[in-house]
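According to TrEMBL, the features are:
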- B:6-36: transmembrane segment (TRANSMEM)
- B:57-76: transmembrane segment (TRANSMEM)
- B:82-100: transmembrane segment (TRANSMEM)
- B:121-141: transmembrane segment (TRANSMEM)
- B:161-183: transmembrane segment (TRANSMEM)
- B:195-216: transmembrane segment (TRANSMEM)
- B:222-242: transmembrane segment (TRANSMEM)
- B:249-269: transmembrane segment (TRANSMEM)
- B:297-320: transmembrane segment (TRANSMEM)
């Protein structure tokens, strides 16, 4: 139950986070363009996309607090075991990054026309860069669970010996660009989808120099290019991550392929028919690309890739066949350990991640094609296209996380094959022994319900603002007299913006 | 002074920062239906904390994060023992944070009144829970040899911890009223000041009871000093407010919470959580702390990070230093 709760809250949190990261950087970029050129088009873009970013930001913040508290509440044994190492990056995230985010976000929201333009712009960069720094610290913590480094083993617990090793763990160096690229993919697709809808709705017949039309065209182009570059980044960093994973967590990669026997060279399964959970090669018919998996693993088309069956034998020999006889493990105490992750989840999670990522990149290319040379496609399906393109990178991200976290089961801290002996922890050992089933159930139900309701509210608001377009955030838009970006010299200028 | 003790003090300071800063912004939310007479006044109140509440809330996150990093045992035992109160705290903070942001996004009275209710509940529940958990922490929890809770989920509900819950609520109320008096102008400013003065004797009573209780059970001779200081500051705050010195009154309430925290954490030291089952199970700054290396890393980080935070948060308050009155509130603009 603690796992379900962590899974649900994490996936939910990570629906908000990448949009915030990607969008806030893009908004800071738009605002820079406005400050440098004075072109009202960029002001309109900053205000519009900035507003949508804020609607989303609120949710990212509040769901982040839940993540931090859950370690202590539901995973206290885990927290005690890894606290010497794992707490530091979390505390750093709060002190170095999160403070900057929330303080400068407040300044940015309320500082329009109150702060000098350049200072206000600096606030936008401060909070948007801080969201990236946040991601780095959190991923460093997560990467340590996948690949524990920088430690010695003292009194049955890992003890930190080098914070530098934790922060430059090769796992986080690969995971960070992958996650950031994923965030930009989300933000890019978000721009494309909404801009495509506006072009279709209002500008099929409008003049080419209509300012509103130009805003949406600029947004769509920006979004498409961001999406395409992000996908390239995802592919490159994903490949790096894959190679590290073959070394560090061979079981996870075998599980991603539902690879039953060791193969040399190993072929990559594109699609499978049948029940992959049995991993027995006989019941599953799979379309494969010969030798590709070997290449993905080691850059060599003929290398050997270990299958699930052999790995299980290896893991039993190395880490034991049975759980320790600890009464706090409950029913699992002394039982055999199942080293194979849930194969349907890892196999399909991996494919859905790549598939949705590729679809969203394809959408970005199509969007550029459809709108080439100032065109707006007439078809009825264009807005549907937009909505689809918004959803796909979110799904890709979620499946990526589900794959990587399910793929490390039954471990919560995965043993590092080249690291210090003895440092690993089974998920079953990590939960709070003192917390009752009733409490877990209460929080699981309450959080899921509240998150569900708020997701509805957020989508409702995003939709409302997205539909209203620029006038919804900038009342002076398309009304000639007032010059855009008043310089704030009104007599009593206490609040340029108010809740 | 060893590093573990240093981090005990740092964590106490983070909690103090949290109670001081979010104390008043909880107070503002709690008093929303009491002090504001109409929609414009409600918006005046909310906008006094608009640019800063999010930054204030991070003090809670950094307090929890620092506990995790410096005292994993403390963090793990306290958070798992206080599971349900912390769940309520989280739910309330989620609702409250979203409510501030979403309240003005649709221009109907119904929409706003729903979110106003969320703000109010979301501002009453957290100080109750923080007070409950912190006072239970100081007075002791039923921990076994593994640091796990023995007993039901409600085991931390005792009359003493309920007093603790009311202590933080009461403090937040007067602190929030003083803040509104300091940050607004017009009729609402005077209403807030009068309310702070009238509420103070009742609202601060639970805090006084809690301090005396802790002092008599766990205190030493020196800890009478902060206790007496807290009492004097409380009287002083009321005095300042009566004379219309809102800034000094607000600052004096700050002294109240600072001195109270010194008394409470002073009584706790060198334990971080006393076990009520057996004192050998008590978690102390030494048996619950991280390794010296981790603490050293954290100290360097805090040495650079914390002053920077104080500087830019102070700057935020400086940027938004002007009093807000009803005529400053711009018309609602929402699609």
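Glycine is treated like the rest: Cβ placed from N, Cα and C.
Heads up, TrEMBL stuff is auto-annotated, nobody curated it.
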(message) With CB pairs under 8 Å as the measure, which of the listed stretches B:6-36, B:82-100, B:161-183, B:249-269, B:297-320 comes out on top against the transmembrane segment (B:57-76)?
(response) B:6-36
(message) I need to check the long-range neighbours of the transmembrane segment (B:297-320): which residues 6 or more away from its ends have a CB within less than 8 Å of a CB in the stretch?
(response) 3, 6-7, 10, 51-52, 55, 66, 69-70, 290
(request) Would you kindly check B:82-100, B:161-183, B:222-242, B:249-269 and say which stretch has the most C-beta pairs under 8 angstroms to the transmembrane segment (B:6-36)? (result) B:161-183
(message) Using a Cβ cut-off under 8 Å, which residues of the same chain at least 6 positions beyond either end of the transmembrane segment (B:82-100) come close to it?
(response) 29, 46, 50, 53-54, 57, 60, 115-116, 118-119, 121-126, 129-130, 132-133, 136, 153-154, 156
(message) What residues elsewhere in the chain lie close to the transmembrane segment (B:222-242), defined as a C-beta under 8 angstroms and at least 6 residues from its ends?
(response) 174, 178, 181, 193, 196-197, 200, 204, 207-208, 211-212, 215, 248-250, 252-253, 255-256, 259-260, 262-263, 266-267
(request) Determine which residues of the chain contact the transmembrane segment (B:161-183) at the Cβ level, with the cut-off under 8 Å and only residues 6 or more beyond its ends counted. (result) 19-20, 23-31, 35, 45, 48-49, 124, 127-132, 134-136, 138-139, 189-190, 192-193, 195-196, 199-200, 202-207, 209-210, 213, 237, 241, 246-247, 249-250, 253-254, 256-257, 260, 323-324
